[in-house]
Every structure is written in C-alpha cells, then in structure tokens.
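Under the heading signal peptide, Swiss-Prot lists 1-16, citing similarity to another entry as support. If you look up Swiss-Prot, you'll see Cys42-Cys131, Cys44-Cys60, Cys59-Cys111, Cys65-Cys139, Cys66-Cys104, Cys73-Cys97, Cys91-Cys102 marked as disulfide bond, on the strength of similarity to another entry. Residues annotated as Ca(2+) binding site in Swiss-Prot: Tyr43, Gly45, Gly47, Asp64. As annotated by Swiss-Prot, active site applies to His63, Asp105, with the evidence given as similarity to another entry.
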Amino acid sequence: MRTLWIVAVWLMGVEGNLYQFGKMIKNKTGKPAMFSYSAYGCYCGWGGQGKPQDPSDRCCFMHDCCYTRVNNCSPKMTLYSYRFENGDIICGDNDPCRKAVCECDREAAICLGENVNTYDEKYRFYSSSYCTEEESEKC
C-alpha cells in the first residue's frame, strides 16, 4: 500500500521536499530515489516500523527520527534552499524549519551514499508485513 501511495505522489508531480530529497539521494548514491528507495526495507518510503533491515534502511530510520525532531512544520512537504558544491550538499535557508528539514535530508542522503554498497535488492519493494511494530526501535 505504501508503495502505491509513493508512486501516486511522484506521478502527480508533487513538488516539495520529497522531490528535493530525491535529488539529494540521486546525487549521493547514483540511484534514482523513487525506484530504489521509495519502498526499501522497513523505513525507506512513507511510514515505517519494525527493525531496520540493513545499514541503508537504518539511514531511513534515522531520517524518520530526524523528522520527528522538526517542530512546527510539515517536513515531507517543506520546500528549502540547498545547492551541490564540490560534492557536498549545502543547506542555505535561514528559516529554522526549512534549515532543519534540509539538514535531515542532507544527513540521510549522505548516509545512504556512504552505505550504497549495502543496498540489497531483496529489500527493494519489501513487504511491510515483515516489519512488525513489536520489533520497532525507539528514536
């Protein structure tokens, strides 16, 4: 179900943070975010519960945790300014909410890039039925 929702969002052309985050992921991993990470493991994609399946999935878990610490805005839809410079992602917004969301996305994209060698096709389009709430970790 979450896979269908993610695909629907991308097909509708929703602008905002999801698009920007996808560009960061592509920059750091070389992989298209929508097809590689939109439903990867238990945490990459919309929602998340259970135990992270590998280091790449743990990056998404940490990203979800980061979003829970962002107050007074909608992280998944907040637009922010950033740029790529000499291989780095630079968040350039002075608004505290936008800056925090950008930093969450930046850290996750870097983490995914650092763990791209752990990416395992068996976790792509992973069934959420394997991700049980009883095994969920706390942020």
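The chain as shown is numbered from 1 upward.
Glycine is treated like the rest: Cβ placed from N, Cα and C.
When Cα-Cα distances from Asp64 (Ca(2+) binding site) are compared across the disulfide-bonded residues Cys73, Cys97, Cys104, Cys131, the shortest belongs to Cys104.
Per-site Cβ counts within 10 Å over the disulfide-bonded residues Cys42, Cys131 peak at Cys42. Taken residue by residue with DSSP, Cys91 (disulfide bond) is part of a strand. Put simply, Cys59 (disulfide bond) is 12 Å from Gly45 (Ca(2+) binding site) when counted between their Cα atoms.
For the disulfide-bonded residues given as Cys65, Cys139, the lowest number of other CB atoms within 10 Å of the residue's CB is seen at Cys139.
A simple Cβ count within 10 Å picks out one of the binding-site residues Gly45, Gly47 as the most packed, and that one is Gly45.
Around Cys44 (disulfide bond), the same-chain residues at least 6 positions away in sequence with a Cβ under 8 Å from its Cβ are Tyr37, Ser38, Ser56, Asp57, Cys59, Cys60. Here the C-alpha separation of Tyr43 (Ca(2+) binding site) and Cys66 (disulfide bond) works out to 13 Å. Sequence-distant neighbours of Cys66 (disulfide bond) (same chain, 6+ apart, CB under 8 A from its CB) are Glu103, Cys104, Glu107, Ala108. Among the recorded positions listed here, namely Cys91, Cys97, Cys102, Asp105, Cys139, Cys139 has its C-alpha nearest to that of Cys42 (disulfide bond). A simple way to gauge crowding: the CB of His63 (active site) has 21 other CB atoms within 10 angstroms, across all the protein chains here.
A distance of 7 Å separates the Cα atom of His63 (active site) from that of Asp105 (active site).
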